[in-house]
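A.B. asks: Handing you a structure now.
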């Protein structure tokens, strides 16, 4: 295959989730609402953690980082999809498509490491409480956050370099609402079976092994909570349950999409909505509604803002 006709495809057409106008309007309303809630909810968490000195602890520092990642993950494709529904313009340039692949893998890779860092933090807090302060020091937290972004960048670079080597010469319809390797590589003019193996080995196995590691740490934590059943254990249990819901909602679709890259597009589409639109909304809901300290801090922040508004005299 001559690679010179690599640039024959200059843009891709995103087929989106449905051809039906009624469904498109429904998705437009739902996803717009979800997007606003995601941005407001996660911004609120970040501001609250920064402003409230009671939340200047490793757990909340990691939570604020997760909120930043979630806002990014919600923004790499959703706003374009929402505007596409309005304008009916569903094409994306070749560079735009590669950019989406880059950011998708950057933010999902970073989120995987961040969720692992958060589970490590809870594991130490519950299983080795006396050593918590000496293990989870501020420098360690910063290192974990930096590591999560470095891993994200390295992972996404590998995916983008791979995508850029593919020859695209014919069909350019992407059967999804954003560009991702499992749907894009099937448009390449070469045998896709080998590419499928690459997908499984890079993204699928990373997601699966990370999930198994996380599962193990939560099992150990839950056993520890059960052995030391006390008043504090119910709080720890609800925190861990909340964390695990997020982990499951995020990893489940990722594992399915990347372990079976040649599976049904319809299932892939539904699952990709989960981790790009639903999970970023879930985090602020799960972490704030189930966390007394964050709830109190948000109320204090609201009261402070209201009081400062009252205090400023109107001319």
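Count begins at 1; order follows the chain as displayed.
Cβ coordinates are placed from backbone N, Cα and C, and glycine is handled just like the others.
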A.B. asks: Could you tell me which of the ranges 170-189, 270-289 is annotated in TrEMBL as transmembrane segment?
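C.D. replies: It is 270-289 that TrEMBL describes as transmembrane segment.
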A.B. asks: Take every residue in the domain 'G-protein coupled receptors family 1 profile' (41-287), average their pLDDT values, and give the whole-number result.
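C.D. replies: The answer is 84, the mean pLDDT of the model over that range.
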